[in-house]
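Annotated disulfide bond per Swiss-Prot: C77-C88, C105-C197, C176-C189, in sequence order, evidence recorded as sequence analysis. Under the heading domain 'C-type lectin', Swiss-Prot lists 83-198. Annotation source Swiss-Prot lists topological domain 'Cytoplasmic' at 1-16. The topological domain 'Extracellular' annotation in Swiss-Prot covers 38-208 and is backed by sequence analysis. Taken from Swiss-Prot, the feature transmembrane segment applies to 17-37.
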Amino acid sequence: MRAPQMGSLGFLDKGHIPLVLQLLFLILFTGLLVAIIIQVSKMPSSEEIQWEHTKQEKMYKDLSQLKSEVDRLCRLCPWDWTFFNGNCYFFSKSQRDWHDSMTACKEMGAQLVIIKSHEEQSFLQQTSKKNSYTWMGLSDLNKEGEWYWLDGSPLSDSFEKYWKKGQPNNVGGQDCVEFRDNGWNDAKCEQRKFWICKKIATTCLSKW
């Protein structure tokens with residue numbers, strides 16, 4: 001058998017070119033087949049997919065449980081505030097006049113305290129005793145003798161009993177109300193006293 005003849009440039013003769021192409025095609029086909037086999041082997045089986053779903057469900061359950069724990073630890077009120085019946089109260093350690101006290105509460109996202117119930121009144125009266133004279137958000141600045149809270153609501157007749165004996169007397173232009181001992185007293189708004197801020201407590205129910 002005659003050996004294949006090399007061309008002038010060292011390549012095989014034209015008659016042997018189809019054999020080279022066949023070898024090249026075989027190599028490429030083999031490589032492609034191997035790549036397909038490897039790719040298929042990486043695809044997850046139905047059991048693996050189910051396991052992945054189960055793992056994700058467990059992770060979600062764990063996160064939900066963690067959120068519940070965080071919610072229980074969530075502070076309903078800021079530090080130095082006191083919680084009572086769904087509200088937060090700040091009892092000042094410094095003294096201001098009535099208008100400055102109102103401003104200080106606004107700066108904290110609150111309001112100079114407005115009393116909505118007899119239970120709240122009892123709580124505030126007892127708690128404010130340690131500071132003696134303490135401002136609340138009640139005045140008759142708009143019209144003498146007509147008492148209104150800062151939210152514009154009038155003083156209820158059922159709260160009249162909390163005035164101290166002989167009060168309010170408007171001596172010397174007393175238009176703002178303070179907690180004093182066991183009751184309420186009207187005083188000059190320019191006087192410096194302790195003060196109480198009030199705002200609604202947080203709920204810790206923010207969405208994920």
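Cβ from N, Cα, C; glycine included.
Shown on the structure are the features that Swiss-Prot records.
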residue	record	Cβ neighbours (10 Å)
C77	disulfide bond	17
C88	disulfide bond	21
C105	disulfide bond	23
C176	disulfide bond	25
C189	disulfide bond	20
C197	disulfide bond	23
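Using CA atoms as reference points, the disulfide-bonded residues C77, C88, C176, C189 were checked against C105 (disulfide bond), and the closest is C88. Taking the Cα of C88 (disulfide bond) as the reference point, the closest of the disulfide-bonded residues C176, C189, C197 is C197. Of all the disulfide-bonded residues in the list C176, C189, C197, the shortest Cα-Cα distance to C77 (disulfide bond) is found for C197. In the three-state DSSP assignment, the secondary structure recorded for C197 (disulfide bond) is strand.
Cα of C197 (disulfide bond) to Cα of C176 (disulfide bond): a span of 15 Å.
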